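Record features (TrEMBL):
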DISULFID  64-255  disulfide bond
DISULFID  173-178  disulfide bond
DISULFID  212-224  disulfide bond
DISULFID  373-419  disulfide bond
CARBOHYD  211  N-linked glycosylation site
REPEAT    112-163  repeat 'Hemopexin'
REPEAT    210-255  repeat 'Hemopexin'
REPEAT    317-364  repeat 'Hemopexin'
SIGNAL    1-42  signal peptide
């Protein structure tokens, strides 16, 4: 009976643990309390037990298994934060870490079992522009540049009058996407539009939407998460158009395996996870790599094909760092190794590869992107991007050496890039930027027009 009561009292975030591990956790917890009472010098020991427990719990949190998030918000740099229990996933891949490592005061003021809802206030001209708000039970926390604002936490009713406690989701909605600069709050089937300027609250009914367990705005679209599924919705009406719900891990997570009914082409062209590498061969065919999969788009038609990297490049297996095309070959860099394939059906892996990148290309260190502009002058020069610097390697030289190092003024980091007859496409996150040539890319001081990778490269309409 006592064990059943203790299990009942555990927070829901602990539910995935097995009963045996729960017993161990409860026993460790009770022993820890006894030691704390008996020994005044137990703080150091207890700290290590606490750390080990959370490290173990973090290892259990695998978002690729299908997971319902407690809250989602985008930080000031556009990186999504996914909250689960007392942990946080930053971006679309990577392991969980404790939320209080980034937002320390959450645990100082509140036993952080989970975050109910979160959003970033993004309205220029407002005093709390670019502040991140977190909702826990009846309290709200306001952070600016990861530091808790003075006077917080406060009651939700004080900061957002008319908004109930124990929320399930929240998302910012700037004008004109909403009629006025607003925040949309979700609690069960109740939807509240909160006017940021006037503080007026309008309760709405979103009939075609499921109850949201978390919500966020990304690339001017609105997503309601329910369980490990999501639906894209109109923030004014709540209307859901298209084939929804969809699997969250197919579009917002980088996984080696996806749901059983996942449409590989649809997933890869519409994924919000950034590309690892992209290139086009002499015929104009585009190859785009992400995680364990790649997309191929053939020149002259809009047909897309998706497959695992291992199926076409089995020696490489997955997870490439950079790819470039030169002289009818694909040069593929993974870690410190270079793989070379002759373009064809199927692609042929050259004997003797992989070889060290430093030996073959004369360049060392992690490479973020690589490309060759095979049309026009410099057709034998390979360009390599590392951080915010670019280097050149003459592919005809022997031995090959890196030279002509220059800083890139516009970007701190590039995910990937490719070059074709129309110029250089530089991809950062979910967007790409076009430059007429390499010199303009390196020397430009003004950012050119931003284009969406999923829409304008791969024709995704949602």
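Keep in mind that glycine also has a Cβ here, set from the backbone N, Cα and C atoms.
Note that TrEMBL annotation is computational and uncurated.
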* Asked: Between residue 373 (disulfide bond) and residue 255 (disulfide bond), how far is it from one CA atom to the other, in Å?
  -> 32
* Report the same-chain neighbours of residue 255 (disulfide bond): residues 6+ apart in sequence with Cβ closer than 8 Å to its Cβ, ordered by sequence. => 63, 64, 249, 291
* To do: Out of 178, 419, give me whichever of these disulfide-bonded residues has the highest number of other Cβ atoms within 10 Å.
  => 419
* Structure fact -> Cα nearest residue 212 (disulfide bond) among disulfide-bonded residues (173, 178, 419) -> 173
* Asked: Which one of the disulfide-bonded residues (64, 173) has its C-beta surrounded by the most other C-beta atoms within 10 angstroms?
  -> 173
* Asked: In angstrom units, rounded to an integer, how far apart are the Cα atoms of residue 178 (disulfide bond) and residue 211 (N-linked glycosylation site)?
  -> 20
* Structure fact -> Lowest 10 Å Cβ neighbour count of the recorded positions 211, 212, 224 is held by 211
* Spatial neighbours of residue 224 (disulfide bond) among the recorded positions 173, 211, 419 [C-alpha, 10 Å] -> 211
* Local Cβ density at residue 373 (disulfide bond) - other Cβ atoms counted within 10 Å -> 20
* Asked: Under DSSP, the repeat 'Hemopexin' (210-255) has how many residues in helix, strand and coil?
  -> 5 helix, 17 strand, 24 coil
* To do: Give me the Cα-Cα distance between residue 419 (disulfide bond) and residue 173 (disulfide bond), rounded to a whole Å.
  => 37
* the residue listed as 'N-linked glycosylation site' and residue 173 (disulfide bond), distance between Cα atoms, whole Å -> 18
* Asked: When the repeat 'Hemopexin' (317-364) is classified with DSSP, how many of its residues are helical, how many are strand and how many are coil?
  -> 5 helix, 21 strand, 22 coil
